[in-house]
Structure formats: C-alpha cells, structure tokens
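Some features that TrEMBL has for this protein:
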type    : residues                                               : note
BINDING : Ala15, Pro16, Ser17, Gly18, Ala19, Gly20, Lys21, Ser22 : ATP binding site
DOMAIN  : 8-186                                                  : domain 'Guanylate kinase-like'
Amino acid sequence: MNTTAPQCTLFVVAAPSGAGKSTLVNALLEREPAISLSISHTTRPPRPGEQYGRHYYFVERDAFEQEIADGIFLEHAEVHGNLYGTSRNTVDTLLAEGRDVLLEIDWQGARQIRKSKPDCVSVFILPPSRAELERRLRGRGSDSAEVIARRLHNSREEIAHAHEFDYIIVNDNFDDALGDLQSIVRAVRQRSGLQWKRHEALIQELLA
Ligand code: 5GP
C-alpha cells in the first residue's frame, strides 16, 4: 500500500564519503524546516560525539540481521563493511503526516528506494576533485587511516552510479552547492501535480 500523502516528496541524497553531503544536508534542513531527515539504523560504531537516535540508531549486527528478517527496512545495504538501513515505518509515517522526507543513503539504497517509491527525487553530490575528496576525508579527524583508505577506495564505485540520480551537484563552493540543493527542493515543490492537489480549493474557487 502506498501511504504517501500526495503533497509531500521523498528526497534521496547520496555521495562518496568526504563529498560534504552531511554538512550540506544539515544546512538545507536549517533552511527548509518542513523536511524531516530519516535517522538510519547502522552496525557502525559511533564516532566521537555521535548520539544514538540523533545521528543513527546504533545496533549490533545480530539485532540488525533480525530487523532485516522482520522486514522493518524500506532499504538496507552493506557500506564500507557496515550495515545501514532505513526504517519503513519512520518514512511512511512522516510522509503520511504530510512532511517531506530526506534520506542520506548510498547508491545501493537509492536503487531500492527508486523501485518502491518511484516518485522520489534523487540527488548525487560530487567532490570537485579526487585530491579534495582525500583532503576532506583526512580533515574529518575522526576516522582511522584504514577507514579513510577504504572509503577512498570505495568512492569510485559510489561515483560510478551518479548517473542513476535525477540531479548531480558538484560541491566545490559550499554556498553554491547549498543553493543548488535548495533550488531542487523548491522546484520539486512547485511541480504542477503537487500544486494542483495542494491548491485544490484555490483552483476550485478560481474556476467557479
Ligand atoms: P557514515 O558511516 O559515514 O555515516 O556513512 C557511510 C555511508 O553509508 C554513506 O554513504 C551514507 O550515505 C550511507 N548510509 C547511511 N545511512 C544509510 C542507510 O540507511 N542506508 C544506506 N543504504 N546507506 C546509508
């Protein structure tokens, strides 16, 4: 059953680690408070400062595998050796409440979402160069050299799927990239299919 309210949109944002996706998304959410971020479940251990329920629901692998078996995930994937998943219930509840929802997930998850929610709008964030991607990954300071090397290695696979997304943004200048992301959100909201339903009363009145 598709419980999606007609007035709201599911946004999917992906990027290789280090492209600046989370910073961009957090800035977007400040500018667009009507969008809710879906908090994922993961088996990755928390980084310093990360909180349960705010950044992720951190769970043991056994528990995650049980959740997969219970069918609680709208999508799930193994990324950089850890499991990540989006709760079906969280997304459907928010959409049914009439809120736009944003998922920060990888290309494998995005592919699954496109199948189950074909009306979703997907955006891929690219870094401006390989050297800058590496610099940003090292600059984060919270990951080991091994984790950084693995993420750099995996970035090629992630980037190779960028063409599957509706939009691509190059995050060179942060303010420009944020403006681009916000423009996409704004343009999607003005689409006539959504506007026609949202402004039904107005249109009825204008046609009377
Ligand atoms: P990080 O460990 O740096 O927070 O995230 C690593 C990667 O996992 C990122 O590409 C991120 O988008 C992806 N990821 C985070 N949550 C999910 C999720 O729920 N599903 C999927 N498929 N990927 C996720």
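From the backbone N, Cα and C atoms, a Cβ is placed for every residue, glycine too.
Residue with the densest Cβ environment among the binding-site residues Ser17, Ser22: Ser17, by other Cβ atoms within 10 Å. Secondary structure at Gly20 (ATP binding site), as computed by DSSP, is coil. If you take the C-beta of Gly18 (ATP binding site) and look for same-chain residues 6 or more apart in sequence within under 8 angstroms, you find Pro127, Leu133, Glu134, Arg136, Leu137, Arg140, Arg151, Leu152, Ser155. Each of the binding-site residues Pro16, Gly20 was scored by the other Cβ atoms within 10 Å of its Cβ; the lowest score goes to Gly20. Checking the binding-site residues Ala15, Ala19, Gly20, Ser22 for a CB within less than 6 Å of any atom of ligand 1 leaves no residue at all. The ATP site is set by Ala15, Pro16, Ser17, Gly18, Ala19, Gly20, Lys21, Ser22; from the centre of their CB atoms, other residues of the chain with a CB within 8 Å are Ile125, Pro127, Leu133, Arg136, Asn171.
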